[in-house]
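Asks: Sharing a structure below in structure tokens format, with a few things to ask.
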Amino acid sequence: MSTKSSTILFVASEIEGLLKTGGLADVAKYLPIALKSQGHHLCLIMPFYRTMARRDEATFIDNIQINIGQSFSKTIGVWQLMLDGIPVYCVEQAEYYDRAQPYSEGEYGYPDNGERFAFFNIAALEIAAYLQLNIDIIHCNDWHTALIPYLLKTHYANHPSLAQVKTVLTIHNALFQGQFERGQFAMFGDLMTPLVDYLVDGYQCINMLKVGIRFSDKLSTVSPNYAKELLTRLGAHGLHEFFQQRHSDLHGILNGCDYSDWNPATDPLLPAHFDQTNLEGKWQCKLALQQQLELRQSTSIPIFGMVCRLTEQKGFYLLLPALEKFLRHRIQVVIVGTGDSQIVQQLNQLQQRFGDKFRFINTYSNTLAHLIEAGSDFFLMPSLFEPCGLNQMYSLAYGSLPIVRGVGGLQDTVIDYDQQSDDADGLIFYQPDSSELLNTLRRALLLYLEEPEQVMAMRQRGMHRQFSWQDAAEQYNQLYMDVLN
Ligand SMILES: Nc1ncnc2c1ncn2[C@@H]1O[C@H](COP(=O)(O)OP(=O)(O)O[C@H]2O[C@H](CO)[C@@H](O)[C@H](O)[C@H]2O)[C@@H](O)[C@H]1O
């Protein structure tokens, strides 16, 4: 595909390698890298969080005074880091971003998150103008950046360097909408006043994602199937009418998988390496995982792994009752994650009852995530909804067969054994129902015990599949061309 080189400002609240709480960070790193390799000029903007990695390496660029109306004035420091040859500008504003965590302490978001991220949107535009970045497109991501399209079409509509800038908003998870009491936006005065006329929830709240859906030039989400789901009442988290109004501008582009970080043949986080021609190293990883977690060491016992944020989205209320029964079999289950305290408590209780075969590690560990992908036989993703999902792609690359619910991007990436046995690389269930999940877990166990050649063929097929960021970047490139013409 021919590429017209554009200058793209990618704005995200987290970026892998600097700060990550979930899959958004992966996309905010790997998609810009792929776009750059296709000839675009890229730069990124994120907040200068206290907990950011590589903070000490950042170079101070300048202070910018941001004045809005008569009464609002704040100074930001602009810092710069390089990430794989791409400049990342970080917004320093101690009152907003120099906090213990990026979004929340404990389970509840910071009460001023609306103000913090509205300010981040304004700051991103002010930096683009001040540094004369000559931007063609601002690529926004999720609610944290969703006011940018609105600001460009209102306050900055006649700005000498921003008036022509186009926007794309990518939705990574439409459940998170950034809905805040309108008082949080009051200090921005006239800048936000039109919002109150347009888009209010219950008359008192501004829903930042809705604003982005309304004002962005193009919309995308992270898989074709989730794009379809967003047009339905069931799948759109209350926003179906807004998505329906913009359906011709909404595109589903499947995320890629970064095979430089996720390659079992070279992965420095693994104790042994393997590829589809020789899985010997995988069994060594399995034994190492069992040893590290003090589980019985045996390559013949199937391991079911899971790594994720502990939230309802990831299907724990289907999984927990199913595991109660499934753990009676000769299997091992390993779950790593952080999040909801009730899920933590229930997983801890399960571990007390099935201590010889179930491990729950309540931590965030990239090293353990890689070892689980490599050492598991099956990987669990019984999500209630899943815009794309990255772990099923990692598990396919690592020869672990994904067991997924057929929703969102999981449906787009996994091929079920019973539906298409010649092409299969995993198992799918559909109903959000514990007993259907349990049946599928048992289907997987039976396959493992009775058809080892099939299991091996499925592993190899999965390891062969490629979900490339280059393919995704080509589709975004098309979207950019459409939006600029
Ligand atoms: N305890 C832990 N230890 C180590 N690593 C952990 C971890 N918990 C999570 N991770 C890592 O965080 C990432 C999670 O990515 P996902 O895409 O699965 O989910 P998430 O729901 O955050 O992302 C949202 O955005 C992405 C990106 O668009 C969509 O794929 C997804 O469907 C949508 O919900 C993976 O790289 C995973 O390994």
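Cβ coordinates are placed from backbone N, Cα and C, and glycine is handled just like the others.
Pasting the relevant annotations from TrEMBL:
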| type | residues | note |
| --- | --- | --- |
| DOMAIN | 8-244 | domain 'Starch synthase catalytic' |
| BINDING | K20 | ADP-alpha-D-glucose binding site |
| DOMAIN | 302-450 | domain 'Glycosyl transferase family 1' |
Asks: Between 0 and 100, where does the mean pLDDT of the domain 'Starch synthase catalytic' (8-244) sit?
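Replies: Mean pLDDT, the domain 'Starch synthase catalytic' (8-244): 94.
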Asks: Just counting, how many other CB atoms are there within 10 A of the CB of K20 (ADP-alpha-D-glucose binding site)?
Replies: 18
Asks: Which residue counts does DSSP yield for the domain 'Glycosyl transferase family 1' (302-450) in the helix, strand and coil classes, in that order?
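Replies: Residue counts in helix, strand and coil order: 67 helix, 34 strand, 48 coil.
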